[in-house]
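Working notes, structure below.
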């Protein structure tokens, strides 16, 4: 083995390098020739194998020839009687993963070791054999493996059981035949054998709930003695309790009693596992109390691992049931000064969740002394906990905002500073009294901020919120400093922010004009262009609208064209005398190009430029407008994503795309024939619109021929009332003439047979008439909507699994675009606000504010507020929700 390389540094301190420092594959392969020596040197061979294993584990690749040569050389080492070398040989064979041809060569040696009198040889031979053999060879050694499972030596039995766990993935039918032997292993007096036996038995039965329930019921009566196996059994027991929700509560009681009994076990790991599982379950406060008591005792343990496990579990409980953890607050406060920073961090964040309003100031003082000693990742956790606490006790915002401000001045990375800024922004938006002090803290931060992203984000916030404060002029100095001192990106953001102050605060407009004129001499094009645009807009020289409201809409309004769609349209735009018309750009957020199924293996040539993405509506518009029957339908409003009408792996793959016009709907059926021996001709879809009374079929375009694996389209058009979100259910039958094809010659029989194929029903729902269009600033967009168009009502959504499910269901019904990440519901939240935007058929902009709350154990109530360009559309949104 290579000797450690020693080196003296300038401070005369010894630096010890890895014993493998500087080894090369070529040199090690040369050394591997020692395996062929007639007189084997076990020590030298062990060193060479160790180097080979090191290279393999470092990701070094061996060619096929190199791997084969090493494998054959290693097999020569079976003649050595050195136990240490033999164990390395086993490892080497596993790492090389020999091919099926090479496995035969080593199988006989491993079989011999598997029947050896040396237990170490037997155990390792079993592990290696099960790693390298296939199903055919497995049947030949199955008898030996079953015997090994019940072997008296625990090392051999564990090796066989662990091998069974690995083999179960590829050869489940064979391993399932070992159930009797595995059950016997579960009763073993050896801890590891019982642990591995229980793990394998559970995997064998994992798809049979009744068998798992019976297994758990039998084992919970006291036959499991191994602490490791006890931990597994606790997990399986909690799984049975969760899955038996259909049964009465009484039937779960024996299982829960077992979990409670484990809280009094002599093994600490069993106690912790039981407490953790009880804490994760939906139990009453009385049932949870024993687990909390046990965890509280562990908080004062002398073992760091027990303190960490206990405080981590309590931290999770505090997220959903903070009152249950309040009794532990005194012990948690003592852990804030724990030498282990992970324990201290968890203790602090738990206290922040369980603390009351009177303890906030004391907690903040302790946290201040603590923050400098922990890493950024832990600081982020603390900052997020403080944000939640501030929202819980808004009257304490001053002390917490002051803490966040001080944290901004400390050293830290981007993610840490971003977490603080995001927290301050959240508090500004949720606590009105905190707005001005929060904005000032952010202004002080950007005076010495090294992160361009954060500076731009804060400047954007200042532009939106600053003009609405009591003294907007106090922010101008901070903003203009960015124009003087920062990079081009931040300077451009600062110019836009100044313009917003000029537009909204008339008293500041002359001063803003002076500052913007100075920006006309900036070295960066973007900064100069923005300054020019805003000066001419605010001065009235460039007409962006007839009223002051139009000017503010220009400055503050949301950009309702997705940037990806705009980019695609600009790439296809050909410079001409006509100006670029942004109204022609698709406003759909989720764009999906129309793609045909490619033959397998066909890829674009290397280096070929990727085609620019084309919004789905643009692609479909070109196809539909080229069909004379549809050319008079007008502008395509929306195309849905494909809806599958057949199961996977069926004879014919069919999906449908719904194309929505103002007074028509076109159904595009995309069909693929997956049977090589068939050719389909005169293919059409018969659509029954009996359950869609407002629709009447006007025309259809059948498919003349549908060869194997060549997609084709069938179109069926319906007329409906103009600008009305008509809904209905359509049943579909695919009809065609099928002809046999000789796959060897490609010849098609002349005679065909009429046939039909029933496919799934299709529904046109209200969400199909809504475009998912985002707004960049929901608050400004909402305020700019006519308040007279607002309609508000409350609804009961019934029993739901969670608020997240309720939010997802309403978004799905409306088909609108969530804004500002509000579709994500914080875990265990009891109330939530979701903001949605979209464009309803007839090009009416719609904004929705949804307020959810839990009115009972799982009863969800919702308040729906809608604003729109058209008050009638606001009423329709309420009708959709009421009928949904």
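Glycine residues also receive a Cβ, built from the backbone N, Cα and C atoms like all the rest.
Per Swiss-Prot, the features are as follows:
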REPEAT    65-100  repeat 'HEAT 1'
REPEAT    101-138  repeat 'HEAT 2'
REPEAT    286-323  repeat 'HEAT 3'
REPEAT    325-357  repeat 'HEAT 4'
REPEAT    358-395  repeat 'HEAT 5'
REGION    592-612  region 'Disordered'
COMPBIAS  602-612  compositional bias 'Pro residues'
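Taken through DSSP, the repeat 'HEAT 2' (101-138) splits into 32 helix, 0 strand, 6 coil. Beyond its flanks by at least six residues, the repeat 'HEAT 1' (65-100) meets 29, 32-33, 35-36, 40, 42, 45-46, 49-50, 52-53, 56-57, 106, 109, 113, 118, 120-121, 124-125, 127-128, 131-132, 134 of its own chain at Cβ-Cβ distances under 8 Å. The predicted model assigns the repeat 'HEAT 1' (65-100) a mean pLDDT of 87. Assigned with DSSP, the residues of the repeat 'HEAT 4' (325-357) fall into helix, strand and coil as follows: 26 helix, 0 strand, 7 coil.
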